[in-house]
Amino acid sequence: MTKTDAPSAPPLVARRAAGVLLAALAAAAVVGVWWFFVTTPTGQRIDEIAYLGSRIGRSRLDEGAQSVLDVVSVPFLALTILVAGAVALLRRRVMVAVAVAAVVGGANVTTQLLKYSIFDRPQLGISEATMNSLPSGHTTVAAAVAGAALLATPPRWRWLATLVGLAYAGGTGLSTMIGGWHRASDVVAALLVVSAWVFLALAVVGPGTDDSGRAAPAWSRRADALTRTLLAVVGLAGALAALVAMVVASQVGGDSRAEQLLAYGGASAGVVAVACLSGYAALALGAPRR
């Protein structure tokens, strides 16, 4: 291996096992996020302070955020399934087309079941919210679109599909926070729901090969490795910032503008961290074969 080559991909069996394990961890994380941020006083207080911070600058940012959210609709979701499925079929990847439909449909059904039938929001006297809003439906749709794009895209271009998809999914999630539609925990849970489905799909369909039947070219493997490095660095930095903000928010009253802004910034960093680290894991599972 030369200095410019990407690291060797793990064996296929190991990738499948890793995909199943990551899917299980993501599913468990969804429950963990709900339990801490929705059912415990400390979690609700941190989430509420960040939610109050989302009002800062809303008048300047809301129009742009609304434009992003307006894209999400049932016709848009149906079009995504059709386009991604068609691309997979044109590549003669029937299982990928099935996986696309499973990820988009499964993730959105899961979110609706969790939000309206399984999870509840206890009244702890901390926020005015009376109904559970976790996970975010809009974020689920956007992240599912990103997941469908990653699955349907040929392995040599998955790094690019991942970057574009994460920008859209993360932007949609942050837009729901800017508009006051959702709390950060709602967005994080939605990203994790979709991640679980994408990891499971990648465990089933595997990384695949280039449409020519050959391994992906060296430039694609290098781009893939660089993208993973970028996502890992940004994701870990965001996770650290979110953790620090959470610790601080848990110790303050949250009445001042500075405290609310810090909590909101940390919540946003947490969303970015989950998006980037989930993208890193998906890209590693779907990395082109050598």
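Cβ coordinates are placed from backbone N, Cα and C, and glycine is handled just like the others.
TrEMBL has this to say about the protein:
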type: DOMAIN; residues: 96-202; note: domain 'Phosphatidic acid phosphatase type 2/haloperoxidase'
type: TRANSMEM; residues: 20-37; note: transmembrane segment
type: TRANSMEM; residues: 68-89; note: transmembrane segment
type: TRANSMEM; residues: 96-114; note: transmembrane segment
type: TRANSMEM; residues: 134-152; note: transmembrane segment
type: TRANSMEM; residues: 159-181; note: transmembrane segment
type: TRANSMEM; residues: 187-208; note: transmembrane segment
type: TRANSMEM; residues: 229-249; note: transmembrane segment
type: TRANSMEM; residues: 261-285; note: transmembrane segment
Result, the transmembrane segment (134-152) in contact with the transmembrane segment (68-89) (3+ CB pairs under 8 Å): yes
Residues of the domain 'Phosphatidic acid phosphatase type 2/haloperoxidase' (96-202) by DSSP state, where helix covers H, G and I: 82 helix, 0 strand, 25 coil
Outside the transmembrane segment (261-285), six or more residues from its ends: residues with CB under 8 Å to it: 15, 18-19, 22, 26, 46-47, 49-54, 56, 147, 150, 158-159, 162-163, 165-166, 169-170, 173-174, 177, 183-184, 187-188, 191-192, 195, 198-199, 202-203, 207, 224, 227-228, 231-232, 234-239, 241-242, 244-246, 248-249, 254
